[in-house]
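Noted in TrEMBL for the protein shown:
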- 18-36: transmembrane segment (TRANSMEM)
- 126-145: transmembrane segment (TRANSMEM)
- 132-272: domain 'Fatty acid hydroxylase' (DOMAIN)
- 182-210: transmembrane segment (TRANSMEM)
- 325-344: transmembrane segment (TRANSMEM)
- 451-549: domain 'Very-long-chain aldehyde decarbonylase CER1-like C-terminal' (DOMAIN)
Amino acid sequence: MASKPGILTDWPWKPLGSFKYIILAPWITGSIYSVIVKDAKQWDVFNLAILPLMLWRILHSQLWISLSRYRTAKGTNRIVDKGIEFDQVDRERNWDDQILFNAILFYLGNKYFPGGSHIPIWRTDGVIITMLLHVGPVEFLYYWFHRALHHHYLYSRYHSHHHSSIVTEPITSVTHPFAEHIVYFALFSLPVSTVVFFGTGSIIAIAGYITYIDLMNNMGHCNFELIPNWVFSIFPPLKYIMYTPSFHSLHHTQFRTNYSLFMPIYDYIYGTMDKSSDTLYEISLQRKEETPNVVHLMHLTTPESIYHLRVGFPYLASKPYSSAWYLWLLWPVTLWFMMLTRIYRRTFVVERNRFHQLRLQTWAIPNFREQYHLKWQKESINNMIEEAVLEAEEKGASVLSLGLMNQGKELNRYGEVYVKKHPQLKVKLVDGSSLAVAVLLNSIPKGTTQVLLRGNLTKVAFAVAFSLCQKGIQVTVLREDEYEKLDKSLGTKSGGKLVISKSYSSCKVWLVGDDLTEKEQRKANKGTLFIPFSQFPLKNLRKDCLLKMANHAAIMFLLKCMVL
């Protein structure tokens, strides 16, 4: 949101939320109806092409999003060496609004604009005119409109919303207030409306021009340099007519330079080109893959879980283990990914984080949850984990956290197998659950003498119960089946500190898992402290109780101690 939001900041369909695409229903229904009732020779091909074009734009953008996040996580050719803030993820979530907006205007133009219907598939003259109009009026007008947006009045009310993202992603390119998009559409439609009005337009010219705009927008905001310098060596004048990701990145970090759309020539002409453009370009090209201090090794749960990763759909990442109806439409892509993982069979980087000088990367093993229960898959999985350990060693990582569900003991005795096989290893292997246990124990208030343990008993839950009993803290459970499992695991090591009770009111500290019900939560005393031992916080927490998530400072302290 801009610092002083002006009029027409929000999109008109914001109240509709995820149902916003229902706006297109009348036009899509009309297109389908025309196909049914009309002869094929009477079909308006351009009208029928609007929906596929919209879907192609969504797919095109998503491919850029995934590529950008993967490349920036690895670090190769990265431009701005910072992470993405949570606010930016939320702010850029509705990046498809402008695609919906364009689709509506195309449907309206198809019906009401002169020459907007029954447009031919190809016309050479229309393609040439479209290119010339972009190079001339569009680039020139955009440059001056963009400079106007940086005037304090318009910047504070509109354009600051876009510039809130210092570290850009492809979808940053279309994160603007509604009012700005109205002007952008009017500007970019200049070549299209001209050729259509004069009868030289074509479907390929329109679709090609829109794809070009999307391509250059996404590329310019991808935060990794991908244009090789030999391109400019072969044809030096190209630097004036095609920008690079590093060129536009400087506009987001310096604000008052590099205003051009896709052609830097106007920055050269009017003296607004950043003097460090060439230097940053060369530095970005030479940047090598990042060397992590800490690597967290994990695996996928289901074939659909690839979409829950950061390289997938951020919206789904906030809803783990859940599915969405539209994922069924992506089953061809899911199947292709499964086949690719069977062939590739190597870990890949899915995320990176930086805490001061501590560099962390998350690597994924291309195996799914069910495969860990198959004995014939054990050797194959262990080989991949071993390769990941050796790769982390080669890259100079100090710590590798094996966050591989509850199968670590059965697979490799929590990494002991690799330490014995490679005694020269310098990287420290840490079971991810052990790290989680240490953090959880640190989260329990000092002086606590009794805790209530309730939830799905994971490896972390068993380890926490054991550690608390060893410290002389009473662990109370409510269900007989949970008590029997814990008692069988701990035995005499519990020291009599593991008890079963039917009372909810005796404990002020609750360690809770995924399956804690709202009914059980309501039985807690006012002011009860809930500490989740699962990966995710409680839903619908009582307002008169407290929630304490894992202490990130403790995590960083433990990791830093291991690194040092």
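Glycine is no exception: its Cβ is also placed from the backbone N, Cα and C atoms.
Mean predicted confidence for the domain 'Very-long-chain aldehyde decarbonylase CER1-like C-terminal' (451-549): the pLDDT average there is 84. With DSSP states grouped into helix (H, G, I), strand (E, B) and coil, the domain 'Fatty acid hydroxylase' (132-272) comes out at 98 helix, 1 strand, 42 coil. Residue counts for the domain 'Very-long-chain aldehyde decarbonylase CER1-like C-terminal' (451-549) under DSSP (helix as H, G, I; strand as E, B; rest coil) come to 31 helix, 21 strand, 47 coil.
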